[in-house]
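Beneath this line is the structure, given in structure tokens, with notes to follow.
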Amino acid sequence: MTRKLKAAIIGSGNIGTDLMIKILRHGKNIEMGAMVGIDPHSDGLARASRMGVATTHEGVEGLTRMPGFAEIDFVFDATSAGAHVKNDAFLRSLKPGIRMIDLTPAAIGPYCIPVVNGDMHLDAPNVNMVTCGGQATIPMVAAVSRVAKVHYGEIIASIASKSAGPGTRANIDEFTETTSKAIEVVGGATKGKAIIIMNPAEPPLIMRDTVYTLSALADEAAIAASVEQMAAAVQSYVPGYRLKQQVQFDRIDTPIRIPGVGNALTGLKTSIFLEVEGAAHYLPAYAGNLDIMTSAGLRTAEHMAERMLATLAVAA
């Protein structure tokens, strides 16, 4: 039987519960060890118990008191940015080598977008999965950036209000700050900006994302091809990720001002329109924001675990 490494999930809300179901159904190198929450009556903890997963409603302290804590190699944190900083410090004081997959905007570890820089951080003790909007859009900024110098990248993530739990709502400022910075660090833009919209429409609308870049003039066909290749790469772990329409281009000949970038910018404006349909593992298919975040987190952990297991096999 193939050995798997055990993971705990902190946060029994929408993201944590969706991730748990993914691991139970599709985990290759990772298996569930514990589901951790703070509300004894949460649906996530109840569902975990029904699915045979060990649970605690006593937070990270409760996790460390569980009989199986010694076997936990990975911890996915789906709480909030502020809580993650404390969780990482507390758990690392007890298990210095534990791997943390940060699903909050805390970003105390390097930003990780699997299709862009995932292989760069396989040995990192803590990686940050940016945000749902970042996972959807930063690959597109990077796709333009590998063809032309991107001066400015702006993304707008529109998600169904019903898909946003209390953790997401409490982290709006952190969402915009972390995503904006990751557009620069991972996407390659000189300046990044992020906007999130929670759409209260009924019935809930599917996640949609818009990406605008202003770059140096370049071959439009090459940029379009790069975008399509990147979209296909994301689809390998988020099947519901797709381009909504063809990439659009506008040449900016009249100099424009972009604060923080320059006062006389010209070049090529690229507009990319995306749609992310969820796999409906927990919330319905409109919650593509959950799906892309948990899928990216699991993809990253799977690659880390594969590397760790290979090292153990060689040592044996």
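Glycine too: its Cβ is placed from the backbone N, Cα and C atoms.
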Per Swiss-Prot, S12, G13, N14, I15, S163, A164, G165, P166, G167, T168, R169, A170, N171 bind NAD(+); matching candidate in N263, N289: N289
Of S12, N14, S163, N171 (the binding-site residues), the residue whose Cβ has the fewest other Cβ atoms within 10 Å: N171
C132 (active site, acyl-thioester intermediate) and S12 (NAD(+) binding site), Cα-Cα, nearest whole angstrom: 17
Packing count at G165 (NAD(+) binding site) (other Cβ atoms within 10 Å of its Cβ): 18
Proximal but sequence-remote residues of the same chain as G167 (NAD(+) binding site) (Cβ under 8 Å, at least 6 apart): G11, G13, I15, A78, T79, S80, T104
Integer Cα-Cα distance in angstrom, R169 (NAD(+) binding site) to C132 (active site, acyl-thioester intermediate): 13
